[in-house]
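Novice: There's a structure below that I have some questions on.
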Amino acid sequence: MNPFQKNESKETLFSPVSIEDVPPRPPSPPKKPSPKICGSNYPLSIAFIVVNEFCERFSYYGMKAVLILYFLYFLHWNEDTSTSIYHAFSSLCYFTPILGAAIADSWLGKFKVLSLVGLSLIALGTGGIKPCVAAFGGDQFEEKHAEERTRYFSVFYLSINAGSLISTFITPMLRGDVQCFGEDCYALAFGVPGLLMVIALAVFAMGSKIYNKPPPEGNIVAQVFKCIWFAISNRFKNRSGDIPKRQHWLDWAAEKYPKQLIMDVKALTRVLFLYIPLPMFWALLDQQGSRWTLQAIRMNGNLGFFVLQPDQMQVLNPLLVLIFIPLFDFVIYRLVSKCGINFSSLRKMAVGMILACLAFAVAAAVEIKINEMTPAQPGPQEVFLQVLNLADDDVKVTVVGNENNSLLIESIKSFQKTPRYSKLHLKTKSQNFHFHLKYHNLSLYTEHSVQEKNWYSLVIHEDGNSISSMMVKDTESKTTNGMTTVRFVNTLHKDVNISLSKDTSLNVGEDYGVSAYRTVQRGEYPTVHCRTEDKNFSLNLGLLDFGAAYLFVITNNTSEGLQAWKTEDIPANKMSIVWQLPQYALVTAGEVMFSVTGLEFSYSQAPSSMKSVLQAAWLLTIAVGNIIVLVVAQFSGLVQWAEFILFSCLLLVICLIFSIMGYYYVPVKTEDMQGPGDKQIPHIQGNMINLETKKTKL
């Protein structure tokens, strides 16, 4: 046989080769590069996402801006109930992202959930939007543009606060400056944000063809829970000391689940453990729309050049965010870096917590100062009484047969009320008081019944050649929840109809009839139209200021005609709303360091298959924070300043715990979360490398 004869080739199996000799996988077809914005590395699709987020946030924050006052004034709930329902709604909005994330990652994908579910059904839609939109924006970037992606989260947060800024400023104006059915126009205040949701849907749909839409990767939420449950149960079944221990408790799932899934769940659980202390920060931050707004209604919003409504004060937060984000990114963080300080994401978040603590300490100080300016409240078996003398001469009033008789011994001049409310002590919850009235040479005795914890006005007026008195119950509380209220006493012999505005009027009975309190907008009232059955006239009520309750007595002065004598039942708010600026500045700086950083941190630490899940978990911490506020508002029973101090101290303790946890946390790098296929390397199992089948010629 010719040794050089050409023989048949034979297979030699499992020829070991080095990793370097493994030929690369066939290249995938080149992807068409997505269009960029003005030649930058930012995908054009980002513009549609950011505009969509602006409109959606306009809708959400515009509605929330007036929600607490809607509960308080329109539904007439008390402050604690209004606060509880407000935060219950906020909590629900941040619980539903768990459902949205599960649908996005396992079924429809982020794009379809965001557009079809999120923008069609507002109630459940917030659950579809919140976990998807931030992660969906991050998906638009290629891995080589990681720096631009990090900067995107700041731009994304800017769009949120731009929408919040405009809506928080405009929506209260729609509520307060427009009248619907004789009251504040809540229909318009809620309707305009609804219209913006329609615009959001249209804008988002416009970019449909240029979005990068990563496909869903199976029911990832269910896989995570099953993997964790199998690892725990498998470890429990193999707890014998003869069985070797494993490096991580999730490694006990290796018998059933792939290694990549286990690695992803490890990364997920490490971050979720770090999220445990975070709800307390949100418990403080979200009180801007509830407790801080309720604080603002007891302050004076007149800035001289502009009058700020209490719910408009929330506009400071998004305004300051728009200022602070570039300030922190381009100035503060760079200065810190030049000083050689490693200002990691977790350290930024811890500093943000401390700033929120300081904000609530300042809020407590403001609350204490407001309380000092607020009239005292009558306690059990106490009433407060003022005397209004509408007679034409002095009247001396004395309480008969009671230890209180020394309180009202001075004579009251004509059309002069007592300079302050006098405190009367009762022997029971309700009691009859006897008063001695001395007018000219007349000496009269009268009796009136009062109940504890109330304010009363003893109105004395002429009755022919004599005088009479009537006891009028004043406001239920010596605060008006920031609203301006008025009532009228009619000394004329005919009923008077008073038109306070286009849609607000009231009728006052003849011969010292007293109207109920009526809420009006703060402002000047130089010409209020009035009419009797045979005459039209106008009254000058002057300035009606924030938080004041006014009493007007309609009189007929023969020389000057019909007039309104004005007096304050409750003085106007004295403390300027500007004093809330420091607490807003502190909490917003804390938000920029905590929330913006945490948003990017959540995306960077999430495995590629669980971006929406981890975003939903981040939002879930906000939901739990709102539940904390709800519980404290309902069950603490603390005065407001003490409640602020409680929240501040709780967050300080949580900050210390979070700092310790962050100290031991090792951030996961992007390349560490890529699967074998992503890294383009052969699979290695144990100590063996892949063996490749080769054909050789013999």
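Using N, Cα and C of the backbone, Cβ positions are placed for all residues, glycine too.
Features from TrEMBL:
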REGION    1-35  region 'Disordered'
TRANSMEM  58-78  transmembrane segment
TRANSMEM  84-104  transmembrane segment
TRANSMEM  116-136  transmembrane segment
TRANSMEM  156-174  transmembrane segment
TRANSMEM  186-206  transmembrane segment
TRANSMEM  315-336  transmembrane segment
TRANSMEM  348-366  transmembrane segment
TRANSMEM  616-638  transmembrane segment
TRANSMEM  644-666  transmembrane segment
Novice: Please tell me whether the transmembrane segment (315-336) and the transmembrane segment (156-174) touch - that is, whether there are at least 3 C-beta pairs under 8 Å between them, with each pair 6 or more apart in sequence.
Specialist: yes
Novice: At a C-beta cut-off of under 8 Å, are there same-chain residues at least 6 beyond the transmembrane segment (616-638) that contact it? List them, or none.
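Specialist: Sequence-remote neighbours of the transmembrane segment (616-638) are 80, 83-84, 87-88, 90-95, 97-98, 100-102, 130-131, 271-272, 275, 278-287, 290-291, 598-599, 602, 646-647.
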Novice: Mind checking which residues reach the transmembrane segment (644-666)? Cβ under 8 Å, same chain, six or more beyond either end.
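Specialist: That would be 270, 273-274, 276-278, 280-281, 283-284, 287, 291, 344, 346-347, 349-350, 353-354, 356-358, 360-361, 363-364, 367, 632, 636, 638.
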